Amino acid sequence: MTRTPLDGTGKDGRDLGARLRDGPPFVIEPATAEFRDQPVRENAVAEHRLARRLARELRPYWLRILGLLVLSMLATPLALLTPVPLKIVIDSVLGAHPPPPALDRILPAVSDATLVIAAALFFVAVALLTQLLDLATTVLRTFVGERVLLDLRTRLFRHVQRLSVSYHDLRGTTDSTYRIQYDATATQQIAVDTIPSFITAVFTLGAMLYVTAKIDWQLAVVALGISPVLLLASWRYRRQLRKQSRQVKKLESGAMSVVQEALSAVRVVQAFGREEHEEQRFVRRFHEGMWARIRYTLATSRYSLVMGLTTAVGTAGVLYIGTRSVQTGRITLGDLVLVMTYVSQLYAPLKTMSRKAGSLQGYLASAERAFALLHKEPDVKERPEARPLPRAGGEIVFHDVSFAYDGQRPVLRDVSLRVGAGTRVGVAGATGAGKTTLVSLLNRFYDPTEGRILLDGVDLREYRLADLRNQFAIVLQEPLLFATSVAENIAYARPDAGREEIVAAARAAGVHDFIAGLPDGYDTRVGERGTRLSGGERQRISLARAFLKDAPVLILDEPTSSVDVHTEAAIMDTMYRLMEGRTTFMIAHRLSTLDGCDERIEVASGRVTRMSEGVRPDA
Ligand SMILES: Nc1ncnc2c1ncn2[C@@H]1O[C@H](COP(=O)(O)OP(=O)(O)OP(=O)(O)O)[C@@H](O)[C@H]1O
């Protein structure tokens, strides 16, 4: 059976899970030179490259990120003001100290009761401003973050769609899905969460230290004394956290592949009663992921523990020295309360910085994976000065073409053919002989390892890729439909086609009456992959697609092998009409299917072992 490379599954018949299990799964793609080595060798240069890459990624949003930063930084003065009412009440209402000069200027010689009310109102005003600022920051952060995420996801999706079929053959779909769906969010987090929090934390830290030092420099020195320990701990845990986070991502995307595969093949699973087996595979994969996550969480908890203990020691030191200072009269009780509030707030930014440094490692691991995908170059490339090709005549020549999927074991060897424009060629051969591979080279799903293929006398690699692919209409053994309406499925070949053209194509494919009889006619939805239609019905719809495309070259890969004899006869009829005036390659196992072809070739073990006169290269 031929598997189409279009559906993202391997042509070697191995299922997605098998390839994910057996292949070199989920290794971060060593993409461009910029990202090579990075996942393996953790070094300062690689870190620097990743940071530069991130900066480049975020450059278009710098103004918005700056806005976010400004909003976040406005929180600092508010944080500084929060404990001030408490200090005033303690010192000037409960104690006997005069109010601070600034307050005295605004409210000269007021009673204690008025001072308490003023302090309370001040407290509410600061809280209100803090909340408003919080709201504005959240709104802006959400907008900027979603924009960054959407843009990156769009680019990843665009890129992944253009990667060569061989990439998808090897990788399967889940790893790419994971990178687009989950890894891409890391950049958003770094842009709107980590960077602004980090910078704001540094800013707040500086401001609070300054105010504390103004009150009592000794206290500021004690409070700051713990920061080397904090920095050291962030440095020490950084690598471990990144490594573990990377491991978690690999295992999670691997586990997801089990779900995706089992659900997409649910009929096979149920038919063979393998639900239990699939469940066990699922549990095994998730079990591995679970332990990796537990290890990661334990590492972050250990890290938080170190942070928490260090800050507690710092706070205790400030409390001790601060109390002594109150006792000796160096500072007031209100000053001590103010400083203690600052110290707890001072450690909040320090903790934020170190916590962010921890989660940053997880984000960086994800960002690496997303960028690696983005930097993966397609094997099949378009030349910079590629030729346009409005409509080909249809002459195709193979010149000593050899091809190996893995670059080593050839699947096609020294194939030479000359197919005149409008010639219908029947391709026969045993299973695994290389027939599908032969036609897959025509529209450049893969490029030959050796030799060249010419269309109208020009190497396929000279043409613009989209133009080249536009010259082919393909009908596969297992027609692939999308989960939309019948009309949209037919129009997939030419999205600009009007309803009359779609109906005309359906008529030509002999499927109009069937469609007209459906509950919603052409607007009937066909279900995922067209499962609500029979194999023959799907095949006819894909033929209508080919009629609508009206391409000069037609590839028919065993299009009737899954339908009954009557349906086959009807479909063949339609197909021969479709072939008229088009260069056609028709693959079939049943030789009788090829009777209407003008020429015939036979493939065995990757070689063309027989060919009729009309396709001889020297004819
Ligand atoms: N994506 C792939 N990666 C690696 N090997 C592949 C891939 N697709 C096909 N092959 C191998 O290439 C050889 C030729 O496969 P191909 O599908 O071209 O044969 P075929 O003649 O079309 O077979 P069938 O009649 O069964 O469809 C087979 O040995 C197959 O295992």
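From the backbone N, Cα and C atoms, a Cβ is placed for every residue, glycine too.
It is 303-322, from the ranges 303-322, 543-562, 563-582, that TrEMBL records as transmembrane segment. Distant neighbours of the transmembrane segment (106-129): 78, 81-82, 84-86, 88-89, 92-93, 99; these residues of the same chain sit at least 6 beyond its ends, with a Cβ under 8 Å from one of its Cβ atoms. When Cβ-Cβ distances under 8 Å to the transmembrane segment (303-322) are tallied for each of 61-86, 190-211, 217-237, the top count falls to 217-237. Across the domain 'ABC transporter' (396-619), the prediction's mean pLDDT works out to 86.
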